[in-house]
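Taken straight from Swiss-Prot:
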- 1-24: signal peptide (SIGNAL)
- Cys95-Cys113: disulfide bond (DISULFID)
- Thr171: O-linked glycosylation site (CARBOHYD)
- 175-251: region 'Disordered' (REGION)
- Thr178: O-linked glycosylation site (CARBOHYD)
- 179-189: compositional bias 'Basic and acidic residues' (COMPBIAS)
- Ser180: phosphoserine (MOD_RES)
Amino acid sequence: MLGACLRLLVGALCTVCSLGTARAYSDTSPLLGSNWGSLTHLYTATARNSYHLQIHRDGHVDGTPHQTIYSALMITSEDAGSVVIIGAMTRRFLCMDLRGNIFGSYHFSPENCRFRQWTLENGYDVYLSPKHHYLVSLGRSKRIFQPGTNPPPFSQFLARRNEVPLLHFYTARPRRHTRSAEDPPERDPLNVLKPRPRATPIPVSCSRELPSAEEGGPAASDPLGVLRRGRGDARRGAGGTDRCRPFPRFV
């Protein structure tokens, strides 16, 4: 009886811990708690270049040669042949404007963010906007697509399995902790943040030129003022010493 009660108690504790863990990490990654299915990368190529469609955090859409966390997409079917594409890392919907330019948006619009998927004979897929009649394309040339014509470059996509480690989607970016000079003194006991004292220049009145030997008088025979130092110090007194100091003062 006691063993059965202990087993029930351990089971209840495990259930509570698992629920707490799921709640604690529910917002750390867009992949947790999502019903969108597996990750997919839309690959397109020409004879020279190949790219994966990626949606950046600012909504910009471009291509990358290799798979990244921003090229990881989740694709779901809305109705027969209609799909919605969202960036797994940015949570932005792939949308299209009236000129055929694609972008990522947080707000879903059925007219701009829903595409009709067709599979071509070569096995590649194209995504057509029913509203604007343009194909999703990473190329610069935009033209209205008509069935039976060749699609524009970088508009035929092949769905590829995700090869980016899932750890890259969960790891948070490191933050750099900095301090400023306005912090309280107890946060900077060694005065590292405070600026070092600067030496003030010698006043102009204190700088003197050495007399030339060609000049007459006692100054010429005693250019360094060794013999006249005693008399000069007596004349200056305490005030003159403060006013004309040869050494810099630190402020």
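In case you wondered, yes, glycine gets a Cβ from its N, Cα and C as well.
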- Query: DSSP on Cys95 (disulfide bond), three-state: which is it?
  - Reply: strand
- Item | Lowest local Cβ density (other Cβ within 10 Å) among disulfide-bonded residues: Cys95, Cys113 | Cys113
